[in-house]
Amino acid sequence: QDPMDFEWSYWIEWGRERILWLLAGHLLVSQVSRLLVEKYKPWCLMVYGMAACWLLLGVKGFAVILLHAAISFAVAQFKLSLLTWLCSLILLSTLRIPAVEETKRKWYDTENEYYLLLFTVSVRCLFCTSFSLEYCWHAPTQKSSHSFPWMLAYVFYYPTFHNGPLVNFDEFSKQMRRQEAFSVKTNLSILIVGIIRIFFWWCLAELMIHLMYIHALYSSALPLESASYWALGGLALAQVLFFYVKYLVLYGVPALLLRMDGLKPPALPCCVSLMHSFTKMWRSFDVGLHRFLVRYIYVPMGGSQASLLGTLLSTALTFAFVSYWHGGQSYLWYWGALNWLGVIVENGTKRILSISLIQDLI
């Protein structure tokens, strides 16, 4: 098999070893609590998520995530969005301080365990940011649903714990507090159909990994230099198609558990072969991340309702945050800048084409 796609190999290995078993435990706790103590379901799942975190990341990893949540909650008490964002960016920046990285590495026997902590804390930073901003904006009547226990229930919700998908706190709390009729038969049918679909996607991804060697070809300059432009185009298409199938599996498993918990997960990625624009790609590939960016960055900065310069700035800040959150390496800044340029060109073209004189010419 082609071993060069780190993300796929990494999560499949962790899934086989522990994460799938912990997700199965979450499913059991969730279904029993829905059947017997629906009212206390959020707290049962919170306790389970904290225990799973402790088991997988150790007491020090658990303490780091709890500390991040506590700091975010304390800063949110000031109810200043700008201060909350400053806190979130500072917490995110601590993941890239060499001395802190080395200290955390010493906590674990293997590099894979350290990376699991790194990925988990990165995703938890987004969850802490979502809760803190909603806390800044909430009305006094919503105080009970914006307490520290609710933050812990949200941050330690296990299906989305390590790799997402991202669910904003306002959606999570509304759906988690909603009590619905529970049907074992309906849930069982959802589970069986979901497992069959995920197994099919997993088999397809494994076939691509074993037969196509896309990532191995990309890691060597010689075959790329000797390939024709048609072959390079085919490789590029194969790369994004594998990325799509990979995330059907990586997001499909937590999405299935969200549905089993009575929650509505973000839509799974849309097939890249159906997309022809940057805008649609950002709206429909990682729907949870898109909702986060729109609600907490793009709209508060003015978004499409602002002036032309304001719209450009809102979009630029959105892509800047995405690049920084993904790691902030130079190639990620180039990637973010090119995506920003693509979105700006598309939206600019749409505005030009909407002018009545241009439409008459067309």
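Note: Cβ is positioned from N, Cα and C throughout, glycine not excepted.
The feature transmembrane segment is assigned by TrEMBL to 20-37 (among others).
Residues annotated as transmembrane segment in TrEMBL: 44-67 (among others). A Cβ distance under 8 Å defines the sequence-distant neighbours of the transmembrane segment (44-67), meaning residues of its chain 6+ beyond its ends; these are 18-19, 22, 25-26, 29-30, 33, 37, 104, 107-108, 113, 116-117, 120-121, 124, 149, 152-153, 155-158, 161, 261.
Annotated transmembrane segment per TrEMBL: 73-93 (among others), in sequence order.
Annotated transmembrane segment per TrEMBL: 114-133 (among others), in sequence order.
The transmembrane segment annotation in TrEMBL covers 148-167 (among others).
For the transmembrane segment (188-209), the list of distant contacts is 1-2, 5, 8, 27, 238, 241-242, 245-246, 248-249, 252-253, 256, 259-260: same-chain residues at least six beyond its ends, Cβ to Cβ under 8 Å. Feature annotation from TrEMBL assigns transmembrane segment to 188-209 (among others).
Taken from TrEMBL, the feature transmembrane segment covers 229-250 (among others). Residues of the same chain lying 6 or more positions beyond the ends of the transmembrane segment (229-250) and with a Cβ under 8 Å from any Cβ of it are 5, 7-8, 11, 163, 198, 201-202, 204-205, 208-209, 212, 214-215, 217-218, 268-269, 271-273, 285-286.
Summarising the annotation, TrEMBL assigns transmembrane segment to 306-325 (among others).
Same-chain residues lying 6+ beyond the ends of the transmembrane segment (148-167) with a Cβ under 8 Å from its Cβ atoms: 11, 14, 19, 22-23, 26, 42-43, 45-46, 48-50, 52-53, 65, 69-70, 72-73, 116, 119-120, 123-124, 126-128, 130-131, 173, 176, 250-251, 253-255, 257-258, 261, 263, 265-266, 286-289, 291-292.
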